[in-house]
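Listed in TrEMBL for this protein:
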type	residues	note
TRANSMEM	80-100	transmembrane segment
TRANSMEM	112-131	transmembrane segment
TRANSMEM	203-225	transmembrane segment
TRANSMEM	297-321	transmembrane segment
TRANSMEM	354-375	transmembrane segment
TRANSMEM	395-420	transmembrane segment
TRANSMEM	465-485	transmembrane segment
Amino acid sequence: MLCPSRFSCYGFSHHASSQDMLETTPLLSNPEPLKRSTTRIQIAVLCLVRMCDPVAFTQIFPFINEFLAYLHVTDDPSQIGYFSGLVESTFAVSQLLFIYQTARLSDKFGRRPVIMIGTLGVALATTSFGISNNIFELLVSRSLAGVFAGTASVVHTVLGEITDNTNQAAVFSLYGPLIGGTFSTPAAKFTLFEQTIFDRHPYFLPCLIAGISSISGFVLAYFFLEETLPSQHRYGKETKHAQSAGTQAATFTPPSARELLSYPILRSLFVMLRFFVEDVLRSLSVSGMALELNQTSFGVLFVLYCYTPIGAGGLAFPATFDNRVLSSPRRPHSRSSSGFLLPFLLRRFEAASIYNISIAAWPITFLFLPILNIIARRGLNESTQQMDDHSRSALWVGLAIVLALSRVGGIAFSASMILVRNNVPRPSYLGAANGLVQTSMCLSRCISAAFASSVFAFSDKYNILGGYFWAVLHAFLALVGCSIGRNITRHSRKMLEAT
């Protein structure tokens, strides 16, 4: 179990013990007023704000290759994939570099200003992406969007601070954007958009829609989001008391640019490494990396697998196949749709047990995919290149099982946030702990897509393990994540025994 006194050497010595008592009290007691008046509005605002990250990250996927070709980034079509991977990964790399710093800034200056600045920044950067004229502008816009999307960990922190054990399960499962990148080239589809900016910039509309969703989150956060950082609450109370006594009270002013730039980043990195030493947070971070690898890799592999010829180890779906099925694993709401099961599961099981059961679904998911190819091979008519009805029905049942298993694996994302909240040593460290776990996931996201596609191509080219090497490798990596996750269960049981 983590000892609060151990954190005095981690860079938190400026917190006095009396402050810790004040920070703990409003977070862990008297949740009833929160349930009655504040929670619903706060959760609605946070869900919309949290939506900005996955929308900004994924909305370019359907059209990025066409966009790069439209800009004539390269004359070699075979190089488009390289540039699209560069543009897609830039967001995750930038978010990785700044997500922990954003979490630490929220611990110092408050959750509300950090969330608002980040949301507005995502809106502006995402919108500017659609009117970019060269690869440099694309990379700059994408990088800025990733920097400002670092507020994802801060949103998790606020949810942990405004909920308690009776409602956190339902809250943490409500993530999911409502829009995607389906509005590219509107002038080619509707005469209404001809001779307009959408004609000159055919990929501006989906970026604009994503930007509007972020601006909506900024506006709602400005009017309805309340500060949850305990020190900011204390300050407001002290100010009101001083004013009532007739004394001159200092007013809180937002941090200046100089203060933000002079924030000790190296010290924050040192604190993050100190957090990483603790068993449970280290397990959550490393297991979170494996979880993000599973989710992102599955989204990439599933699409490649479905379009690959049956003889090469795939399913040979045509290009006109229902994209809603193929893109389902890569949709941001694929995590949240499974997360709705979490409140019901927590009534019977501990969060750590649910987390481990959820991540255990990933090895089965990856190993189940080659079975679908075997079904397709056996039912394929060599002369007509068509499957018989029995095999086609079995294939659809298998697809449903695979997608259901991936949804079960997605429950772990919601359970992970609950485990971070439950295992943080003090409420004042919640922002840093969430930042550490989210940083680990972002690191995995940076490399997962390129890694999965490369392994798939390598397996197909050299026919390793019958072309199924990619499935075996990812199942093995998923098992490694499961073994790491077992430490979380052991730590949770020790905490229960101690209490």
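The backbone N, Cα and C atoms fix where each Cβ goes, and this holds for glycine too.
TrEMBL entries are annotated by machine, without manual review.
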Given pairs 6 or more apart, does the transmembrane segment (297-321) have at least three Cβ pairs under 8 Å with the transmembrane segment (354-375)? yes
Counting only CB pairs under 8 A, let me know which of 112-131, 354-375, 395-420, 465-485 has the most with the transmembrane segment (203-225). 112-131
Would you kindly list the residues that approach the transmembrane segment (80-100) from elsewhere in its chain, counting only those six or more residues past its ends and only Cβ-Cβ distances under 8 Å? 53, 56-57, 60-61, 64-65, 68-69, 73-74, 135, 138-139, 142-147, 149-150, 152-153, 268-269, 272, 432, 435-436, 438-439, 442-443, 445-446, 449-450
Within-chain partners of the transmembrane segment (465-485) [C-beta distance under 8 Å, separation at least 6 from its ends]: 283, 286-287, 289-291, 293-294, 297-298, 301, 312-313, 355-356, 359-360, 362-363, 365-367, 369-370, 373, 452, 455-456, 458-459
